Amino acid sequence: QEEIYKRCVEPLVHTLFDGYNATVFAYGQTGSGKTYTIGGGDITALTEEEYGIIPRALTDMFRIMQETKSKQFTVNVSYIEIYMEELRDLLALDAPSRDLHVREDSKGNTVIVGAREIECESLDEVMSYLESGSAARHTGSTQMNEQSSRSHSIFTVVIGKCSLQLNNTRKGKKSILECKKKNGKFHFVDLAGSERAHKTGNIGDRFKESIYINSGLLSLGNVISALGDVKKKAIHIPYRESKITRLLKDSLGGNAQTLMICCISPAASNFDESLNSLKYANRAKNIKNKPIINRDIQSIRFEEMQTEIKALREELARQKTTMSIYPDMEGVPETRIKELEDKVVRLQTECSHYRMVAEEAYKHITDIQGKDMLSRSQELRLKDWLELLEEIKNQVPITLSRDALQNETIKNLQQELQECKSHLESDETIFADKKREVDHLNETIKTMETTSSQFEWQLQDMTLRCRQQE
Ligand SMILES: Nc1ncnc2c1ncn2[C@@H]1O[C@H](COP(=O)(O)OP(=O)(O)OP(=O)(O)O)[C@@H](O)[C@H]1O
Ligand SMILES: [Mg+2]
């Protein structure tokens, strides 16, 4: 048991924590050891060494979760069986089977709608659900197996992992906390075994069960054949033929990592069945799955937004570079603008000079033209030149002509003069006001001086009188 687990299953348990789905299923004739290998039987009757895959995988899962302190985990379990083509919830036995449905979600993953999913805190809790579910499973005694599984069972563990990550901000600081959520789903499938009626000796209900078991396994065989036949690339895969194939759809040729364990009997009397099982297993080897990491919608949106932000940042950086190339855009240093303005003025002046020179030449040439001094070809060339000049004159703005420039200067000077005049006028008014004020003050001073001298005289007079009286 340990070797099988270590070699085949342990690696899948590790990938589960990276967000991949995994499936392990056991295939083979009745009594060949499927339930024993998967570990979905009566665990209480076994020693730890005899433990099958499920208890070992669960132990590892909880050990990994305990060791990974930086992350938060959730564990959910469900356990269902397909008995006589009907779904049954082994963790909610009262739930009517009509409430359980196999559906495909938007991403094409197979989901069992209505199955009870129980959130578990500890290994003991999960083990107790495994035990109670396994005990509730349909089993029966046949001539081939005392405790023969009469149903296909699927024990599912969903591990939700939330990793908190420090994100790098633009300034190189680590600040944003993000929660990347990944769910990994592990299906442990214990199929019922193929049966030959004459070997099992089944009659009545056991026989009816055999028919359903064999037809389900036949569909599974067809799916494996269609997927695994390298010669015929089958377009149609008959997943819908039975419940078990519908349930295992994403495990067979889908996006899960799948391990098929082929159980065979060592007895020579079972040679035919063993060979048959091995042929299917050989075909199944050709099935190519495409495992993908699961993420919840929020995580996907978060990552989409991050990509968008990254793209926007890149666009911004690109625009900044463009701005430094094209000077008419924002963000150009002022010195560069000044430099370009000076250049424009210089070019305008140059242009107006050329225009003046050309106009002078134009006058002289039209004079010459009228005096019949030129040959026919010279006349024609001159005509061309005059036309060209006329054309250029029309293209170059009139404001660049000498007169226009002079007029502009005169206009500017006149405006300046006008402004100075108005300043002067207001200054004159102020001066006049101040002068009036000063005159008025002088008048007041004079009056006060007169009054003061009068008081002085009076005082002197009074002083004299006082002395005389003494
Ligand atoms: N490797 C093994 N070592 C010891 N005992 C085993 C081994 N494999 C199977 N057995 C025993 O063989 C019996 C039949 O095994 P099991 O019930 O697992 O078969 P099965 O393939 O599930 O059959 P079915 O299809 O009828 O359910 C059980 O008693 C089991 O303990
Ligand atoms: Mg079994």
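Glycine is treated like the rest: Cβ placed from N, Cα and C.
Here is what TrEMBL says about this protein:
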BINDING   Gly28, Gln29, Thr30, Gly31, Ser32, Gly33, Lys34, Thr35  ATP binding site
COILED    295-451  coiled coil
DOMAIN    1-287  domain 'Kinesin motor'
Show which residues of the chain containing Lys34 (ATP binding site), separated from it by at least 6 in sequence, have their CB under 8 Å from its CB.
-> Ala26, Tyr27, Gly28, Ser149, Asp190, Leu191, Gly193, Ile261, Cys263
For Gly33 (ATP binding site): intrachain residues, at least 6 apart, with Cβ closer than 8 Å | Ala26, Cys263
Ordered by sequence, the long-range same-chain Cβ contacts of Ser32 (ATP binding site) under 8 Å (at least 6 apart) are Gly193, Cys263, Ile264, Ser265, Asn270, Ser274, Ser277
In sequence order, which residues at least six apart in the same chain have a CB under 8 Å from the CB of Gly31 (ATP binding site)?
-> Thr142, Met144, Asn145, Ser148, Gly193, Ser265
For ligand 2, the binding-site residues of Gly28, Gln29, Ser32, Gly33, Thr35 whose CB is under 6 Å from one of its atoms are Thr35
8 Å Cβ shell about Gly28, Gln29, Thr30, Gly31, Ser32, Gly33, Lys34, Thr35 centroid, ATP site members excluded = Ala26, Asn145, Gly193, Cys263, Ser265
Translate the DSSP assignment of Gly33 (ATP binding site) into the three-state scheme.
-> coil
Note down the number of other Cβ atoms within 10 Å of the Cβ of Thr30 (ATP binding site), including every protein chain shown.
-> 26
Which residues does Gln29 (ATP binding site) neighbour through Cβ under 8 Å, counting only same-chain ones at least six apart?
-> Met144, Gly193, Ser194, Glu195, Cys263, Ile264, Ser265, Asn270, Glu273, Ser274, Ser277
